[in-house]
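As structure tokens, the structure follows; a few thoughts come after it.
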Amino acid sequence: MILFSFFKNEVLTMLGMDLKGKKAFVAGIGDDQGYGWAIAKALAEAGAEIIVGTWAPIYKIFTTSWETGKFDESRQLSDGSLMTIAKVYPMDASFDTPDDVPEEIRENKRYKAYSGYTLSEVAAAVEKDFGQIDILVHSLANAPEVKKPLLETSRAGYLAAMSSSAYSFVSLVKFFGPFMPPGSSALNLTYLASERAVPGYGGGMSSAKAALESDTRTLAWEVGRKWGIRINAISAGALGSRAARAIGFIGKMIEYAHQNAPLSKELKAEEVGKTGCFLLSPLASAITGVTLYVDNGLHAMGVAVDSPSLKEDSKEEALQNA
Ligand SMILES: NC(=O)c1ccc[n+]([C@@H]2O[C@H](COP(=O)([O-])OP(=O)(O)OC[C@H]3O[C@@H](n4cnc5c(N)ncnc54)[C@H](O)[C@@H]3O)[C@@H](O)[C@H]2O)c1
């Protein structure tokens, strides 16, 4: 085991993937199933110190599950040790300052026990506790009307999706950027529905992802020049995370990808985790403003090869041949 871990570290160092001494803030971990967790784990594997931001309403369940060992199996790193988290902050990415928090949220029983969960406050607390951050990950999204088609989405629902799923990234970068040294890097997670119609991905989420990708390019320019920070996005394929299960049709999307992507295999969260780690590491030092697909190649397809219309014995052909 020791020998293996020695070689692993040698190879990682050789590739410039040694993130020892680097501090990563990962926003959007609520369990061990999602992309945020997978990215955190890959970063930990490369030696980074992990700091987490968890949505305030699920902070308690996440920290309790962590403390009672529910995630121990998922925490296993390749050298046999367990991933550690230096600190978990309750946060809500829909709010920038305490003045933004409506009374009914402040008084809500899922929030009442916490304070300091707006983005400016979380950033100030992280700076106070850790001094600087080298790696920033935004792995969160929310749309109260995600199950409604765009046409049936209310203005409030659409703006809420934009606020917590797209502007939240701008805001995170705005508040964390000042204490991220040159050469630091930020990453967000997006989805193909930003550029192709994906029925079922509603509530303004497709619009929010389009905004997020556009902001990735614009922020890359702005913070590249201002602070020397890189900004990238991963357009990830379908994964049965907690958030995705809430949308409802994730099982079908996973099956669809399996049937129609160039690589007909399961997409593992860890594959997105490793790509994220690469983009966030010095290995990607000249990459910024990019949206990189990690989806078994599904984005490259122009047709669904399992469509009945493409079958040789399709109804139309059967009629023509009759
Ligand atoms: N699962 C997929 O199929 C898929 C595909 C492409 C992109 N993505 C993106 O990956 C990212 C991570 O999602 P996931 O699917 O891994 O699910 P997930 O459930 O692991 O992560 C989403 C997280 O967002 C948090 N969150 C929601 N609202 C928040 C708020 N206002 N403030 C702070 N945190 C909030 C949730 O608590 C949750 O922890 C999202 O941006 C999602 O859109 C997911």
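Along the chain as shown, residues are numbered 1 onward.
Glycine residues also receive a Cβ, built from the backbone N, Cα and C atoms like all the rest.
Nobody curates TrEMBL annotations by hand; they come from automatic prediction.
Record features (TrEMBL):
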type	residues	note
BINDING	Gly28, Leu140, Lys209	NAD(+) binding site
BINDING	Ala143	substrate binding site
ACT_SITE	Tyr191	active site, proton acceptor
ACT_SITE	Tyr201	active site, proton acceptor
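In this structure, Lys209 (NAD(+) binding site) is part of a helix by DSSP. Checked against ligand 1, the recorded positions Gly28, Ala143, Tyr201, Lys209 give Gly28 as the ones with a Cβ under 6 Å from it, listed in sequence order.
Cβ proximity to the NAD(+) site centre (mean Cβ of Gly28, Leu140, Lys209, cutoff 8 Å) flags the following additional same-chain residues: His138, Ser139, Ala141, Asn142, Ser165, Ser168, Phe169, Asn188, Leu189, Leu212, Ala243. The binding-site residues listed here (Gly28, Leu140, Ala143) include no residue with a Cα within 10 A of the Cα of Tyr191 (active site, proton acceptor). Taken residue by residue with DSSP, Gly28 (NAD(+) binding site) is part of neither helix nor strand, so it is coil. Of all residue pairs in the NAD(+)-binding list (Gly28, Leu140, Lys209), the one with the greatest Cα separation is 16 Å apart.
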